[in-house]
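See below for the structure under consideration.
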Amino acid sequence: MEYLSNILFALILLLGVGYFTRNVKRLIRNINLGQAVDVNDNKSERWRNMVMIALGQSKMVRRPIAGVLHVVVYIGFIIINIEVLEIILDGLFGTHRIGLKLLPLGVYGFLIGAFEVLACLVFVSVIIFWIRRNVIKLARFWKSEMTNWPKNDGNIILYFEMVLMTLFLVMNATDVHFQALNSGNIVSQNIVPLFGSASEGTLHIIERSAWWLHIVGILIFLNYLYFSKHLHILLAFPNTYYGSLKPKGAFNNLDSVTNEVKMMMDPDADPFAVPAEDAEDEVPAKFGASDVQDLNWLQLLNAYTCTECGRCTSECPANQTGKKLSPRKIMMDTRDRMEEVGKNIDANNGEFKEDGKQLLDDYITKEELWACTSCNACVETCPVSIDPLSIILEMRRYLVMEQSAAPSELNNMMTNIENNGAPWPYNQMDRLNWKNE
Amino acid sequence: MSEVLKVPTMAEFMAQGKQPEVLFWVGCAGSFDDRAKKITKAFVKLLNKANVEFAVLGTEESCTGDPAKRSGNEFLFQMQAVTNIEVLNAYEVKKIVTACPHCFNTIKNEYPGLGGNYEVMHHTQFLKSLLDDGRLTVQGGQFKGKRITFHDPCYLGRANNVYEAPRELIKKLEAELVEMKNCRRNGLCCGAGGAQMFKEPEKGDKDVNVERTEQALDIKPEIIAAGCPFCNTMMTDGVKAKEKENDVAVMDVAELIANAQDL
């Protein structure tokens with residue numbers, strides 16, 4: 001019986017990590033629903049971006065209050081998780097504070113002391129985050145797309161962090177042996193009086209409970225990620241690595257269109273020529289995107305990475321002036337539809353079964369797409385290099401090239417370009433008239 | 001206008017067997033829009049004054065395809081691009097300057113992939129290089145001490161990280177350069193980009209250009225400087241909507257430089 005808790009611990013750990021792994025595989029499968037895109041260039045610049053933007057949080061601190069608080073929570077989160085290593089070792093081997101055996105007391109005390117200070121700072125920061133969301137009600141957290149799940153999700157994460165930090169401190173405060181060492185209990189010693197009259201036995205029960213709840217809580221939180229905007233703590237790294245290195249104004253040229261245009265411009269091209277054997281594969285099913293499978297995998301990774309902070313939406317000129325467009329909603333819709341498609345595939349033995357729905361219209365409306373000024377404010381401000389504009393453009397391409405569904409004024413503009421080489425109905429032969437006016 | 005502008009075409013240069021120093025890509029707005037034509041002329045006067053050997057394509061120029069591309073019509077964009085590139089390459093053009101950030105962005109960033117590789121400069125960058133090289137000098141003149149704010153065009157600023165060239169030109173006027181709440185990489189769009197110029201805005205509670213004009217008027221400038229013919233139109237309309245057209249002028253940076261020298 002003495003190994004019961006070790007076995008139980010191993011089982012819980014296996015279950016927690018196992019379910020998470022299963023969902024990570026599903027996540028990768030869903031991202032791979034997207035089209036191929038070549039992002040293997042400039043590796044050193046990409047690493048630099050990842051280190052600066054994801055690890056270094058360089059874009060987070062552009063908004064100083066949220067940025068600094070986020071850095072505190074982020075550093076706290078990463079460093080305190082070193083403690084989880086000890087918990088896992090203790091749990092598996094039935095030891096208690098194995099770190100004390102492996103490290104000199106001074107070093108161990110310093111580490112735990114640092115964790116305690118960080119836990120305290122994280123707790124305070126998270127409270128401020130909660131107040132910003134729920135009391136001050138910052139506008140970007142109360143936009144129309146931030147109802148129901150997205151709203152609750154934001155708060156649940158904060159509660160999780162509060163509970164985990166509390167459990168960590170309570171665990172230390174009620175550990176009589178640890179307190180007796182009087183090293184590293186910099187914060188927890190102040191909590192000890194709260195348990196003033198409790199017997200050693202009671203304290204031990206509280207300590208054990210806090211210990212178990214802490215590790216179980218962490219495993220639940222780990223598994224919560226897949227269902228939450230909180231995935232950004234992992235995906236921010238690949239997302240900033242693969243983020244665009246080109247000037248923001250450079251929109252991609254569609255190769256499939258280039259081939260067609262070259263054919264049209266080439267006087268020697270034979271329109272009746274039999275296509276080469278493998279040519280069939282190169283012709284895309286459609287131009288632009290009406291559903292998630294038409295987007296590229298990087299755009300889908302973007303969608304999973306979005307943490308719904310809403311900086312993009314708060315900078316968007318269309319959204320600021322009351323239009324329906326919200327770049328954050330574009331990302332949230334893309335993710336929701338991707339999840340729907342993923343579940344469909346799971347339910348149909350790995351094959352997507354037509355469900356009569358698509359990203360366009362069922363999630364993102366034309367009105368939203370046509371409200372974009374392509375100003376790149378959303379791209380510039382995103383702290384994790386997400387590009388909502390590229391999705392908007394891809395969907396406009398579908399509307400125009402597959403459905404001829406541009407607003408009529410734009411059709412007029414395009415007809416003018418086609419006929420006169422200018423967006424207005426002026427004759428190309430009059431282009432130099434200004435010289436003599 | 002008494003003085004005659006010298007505006008040679010590439011065809012004329014070719015006929016003489018010569019290459020100009022730079023091609024001035026006028027753009028559709030600069031060619032046809034009444035307001036933008038004034039910017040074109042102001043820039044040409046400066047080029048003439050600095051004795052820059054430039055040429056235009058004239059009737060051989062056509063839309064870069066920017067509004068078509070941003071509307072989603074990649075076919076039309078590439079048709080325009082490939083046609084323009086053929087003309088540019090036939091004239092062996094190496095360097096292009098344009099007063100339109102949309103043309104600037106498209107030729108600089110989207111033409112290379114289709115076979116058009118040129119050194120492309122925005123006219124504020126080009127004017128700054130003329131000043132740096134001592135080919136053009138600027139005194140404050142009528143703008144000395146005036147409160148001027150610069151509105152960053154999205155396709156010059158965020159899209160291509162050009163923020164300082166226009167500002168340095170304004171500072172050369174000995175003017176008081178004041179910044180709006182949103183400037184440089186945080187600059188708010190005028191509302192014209194992404195082909196919005198050519199359509200009515202979607203339903204909302206305000207027009208983007210009014211929002212941006214309010215930001216400008218908040219800091220009480222005498223002049224709102226622009227570097228894009230479309231921004232110019234949007235901001236001019238915004239100033240009119242706020243009934244401030246008698247107090248605040250909207251002018252292109254090239255016009256400021258040219259007017260300062262009474263050109």
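A Cβ is built for glycine as well, from the same backbone N, Cα and C atoms used for every other residue.
Those TrEMBL annotations? Automatic predictions, nothing curated.
Keep in mind the model is a prediction, meaning the values are calculated, not measured.
Listed in TrEMBL:
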- A:297-328: domain '4Fe-4S ferredoxin-type' (DOMAIN)
- A:361-394: domain '4Fe-4S ferredoxin-type' (DOMAIN)
- A:6-24: transmembrane segment (TRANSMEM)
- A:65-85: transmembrane segment (TRANSMEM)
- A:105-131: transmembrane segment (TRANSMEM)
- A:152-171: transmembrane segment (TRANSMEM)
- A:209-227: transmembrane segment (TRANSMEM)
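Long-range neighbours of the transmembrane segment (A:65-85) within the same chain, counting only residues 6 or more positions beyond its ends whose Cβ lies under 8 Å from a Cβ of the stretch, are 57, 111-112, 114-115, 118-119, 121-122, 125-126, 128-129, 132, 161, 165, 168, 215, 218, 233, 309.
On the 0 to 100 pLDDT scale, the domain '4Fe-4S ferredoxin-type' (A:361-394) averages 98 in this prediction.
Beyond the ends of the transmembrane segment (A:105-131), by six or more residues, the same chain brings 69-70, 72-73, 75-77, 79-80, 82-83, 97, 99, 155, 158, 161-162, 165-166, 168-169, 172, 178, 181, 183-188 to within a C-beta distance below 8 angstroms of the stretch. Away from its own ends, the domain '4Fe-4S ferredoxin-type' (A:361-394) comes close to residues 49, 53-54, 57, 59-60, 62, 232, 235-236, 239-240, 243-244, 248-249, 251-252, 288-289, 294-295, 299, 302, 305-307, 309, 311-313, 315-318, 323-331, 333-334, 336-337, 405, 407 of its chain (Cβ-Cβ under 8 Å, at least six residues beyond either end).
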